[in-house]
Every structure is written in structure tokens, then in C-alpha cells.
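Enquirer: My questions all concern the structure below.
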């Protein structure tokens, strides 16, 4: 349902709501707020997001150790597919979002599916299987070179309430397209299925920037665009110039790591 806190009248509940509810069960003396590094959308996955929080305990109670905090939060998160991996003390000047040096996302593609029903059951909602046969990976890699480096990515962001106040210039540090194993992939070898990962690294990304970049690269792989079109889309600097229906779905996107 997305990582960001949602209001009480919404049907979908954000990851942040569950984290803060679990933290309140630890009986802090003032309510706990999680400040999350990367605000993933509904349908997007996170292998290792990060956050910071301040905990004040009642007078006379010892501060939590990192291990106690992990165990306590995970105990109260048990019914949900959310898990705290580690916790450590940081200086009061630390901010999970603004102190991050870079964020790494991967987008998982499944090739060889003639129909959605052919997606392995353990891979449903964890990858994108674009229709229309194999992709021209060399053409996609050629197109990817235009996205690397520092650019105005206005065409590659979805418009939101924050867009007018956000600088559209970003520096893409890494963009790689590589074959990758699927979950239980040895069971699918005979079916001619191929998994590929598109890996992106940048200090920060614009709203839905990764999904738009993946969608445009897949369009190149399908022959709907040519690599040079990617450069032209960058130069236009207009979100409305992005090809309609070319944005990749959220299901294949994973926040892999946040580096400090």
C-alpha cells in the first residue's frame, strides 16, 4: 500500500502506519514518528528501506539497545509482511532521508511469457512480463547510455503536488541491464523463461522516475522507440511528452538499498 503514512479514513494502510503502531506498543513516553528514507509507492517492494526515529522512555527506564528494538518491533509487526532487519544508535544530526548518499533500485523483468497466466505463481506481483515477445537487450543498453549522468529528467517524472517545487535535475550514477535468477528459477528453465534486472543508482529520484525510465527502455526493446528517442525525450523536458501507457507497473520495482 506504499510506505507513507495514510489517514485513518483511507482503505489502504501505509507501512509507516504499521511501524508507528508497533512502536507505540513499546510504551514510549511520547508518540514515535518514523522518518523514512525512500517513499515507495503502492505496489512497489523494498528489500531494505531505512528510517530514523526518536524514542523517549519513562523516567528510570533504560534506553533500548538495537537488538531489543529489533525484537520488540518485529514481535508487534508479526501479522504483516514487514520486518526490521537491524537497528543502531545514530547522532541527533542524522536524518534517514536527507543524509543518504545514494539509493539503489532494481526492476525485475520476465521474458518469454506469451500470457500473464504463464508467470510462475511465486513471481506474481514481483516482476513485469511485457507482452510482445523477446526484447532487444543491446538496443536497450544503447538507450540506457543516454540516461546516465546529470540531466533534467522532467520528461521522466510523473506530475504530483510536489512537482512545481522540486528541481528536476538528477544524477544517475549507475544503470545496468543484466540477466538475473528468478525465485526457484530451476523449476522454470524448461519453460524458456528469462529474468532480467535493470539496476539504477542515484542520490535521489523524482516521482515515478524509475518506472518511466524502465517503461521507455522496454519500449526500445520492443522496437516501439529507437535509442535516440531517449535522448530526445530528455531534451524536451516535459512530462507530457512521455509516451502514453509506457510507464512500467509498480510490481517489478524493488528498493534494494540505501547507502550512507
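Glycine too: its Cβ is placed from the backbone N, Cα and C atoms.
As annotated in TrEMBL:
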type: ACT_SITE; residues: 41; note: active site, nucleophile
type: BINDING; residues: 105; note: substrate binding site
type: DOMAIN; residues: 143-260; note: domain 'Pseudouridine synthase I TruA alpha/beta'
Enquirer: Name the residues of the same chain, 6+ apart in sequence, whose Cβ is under 8 Å from the Cβ of the residue listed as 'substrate binding site'?
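Expert: When sequence neighbours closer than 6 are ignored, the residue listed as 'substrate binding site' has 199, 200, 201, 205, 210, 253, 254, 255, 256 within Cβ distance under 8 Å.
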Enquirer: List the residues of the same chain that sit at least 6 positions away from residue 41 (active site, nucleophile) in sequence and have their Cβ under 8 Å from its Cβ, in sequence order, or write 'none'.
Expert: 2, 208, 250
